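Here's the structure we're looking at; comments come further down.
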């Protein structure tokens, strides 16, 4: 029950952040904001993962922040829709560019986040050991 509650709360926060983020944008046809949301979400989820694989974090926190918060902030369905939209209204070239940029930046952000999460956890371990 505790896990479900944390996932629901994280999901509500992630959805709220996504809503706010989407309303910051100026009108644009090209889906820059979907790229930004997914890159930020990839970075945050990987940072969290890097941290929790190094530290003992309770399951309800991992689930609330990972699938809950990050899962509701990012979006595969919008990415897929935007890919089709760009292909139809611009060109296959721009759709391919959009997909490539999204994947490249998302995966790069995930690698950077994973490294950062591990680094933060190791630094915290050093602080605890020196006390």
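Note: Cβ is positioned from N, Cα and C throughout, glycine not excepted.
Note that the coordinates shown come from a computational prediction; the quantities given were computed from them, not determined experimentally.
Feature annotations, courtesy of TrEMBL:
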- 71, 74: Na(+) binding site (BINDING)
- 30-53: transmembrane segment (TRANSMEM)
- 65-86: transmembrane segment (TRANSMEM)
- 92-116: transmembrane segment (TRANSMEM)
Long-range neighbours of the transmembrane segment (65-86), counting only residues six or more past its ends (CB under 8 A): 6-15, 17-18, 21, 30-31, 34, 37-38, 40-42, 44-45, 48-49, 94-95, 98-99, 102
Long-range Cβ neighbours of the transmembrane segment (30-53) (under 8 Å; 6 or more residues past either end): 18, 21-22, 24, 62, 65-66, 69-71, 73-75, 78-79, 82, 85-86, 90, 94, 98, 101-102, 105-107, 109-121
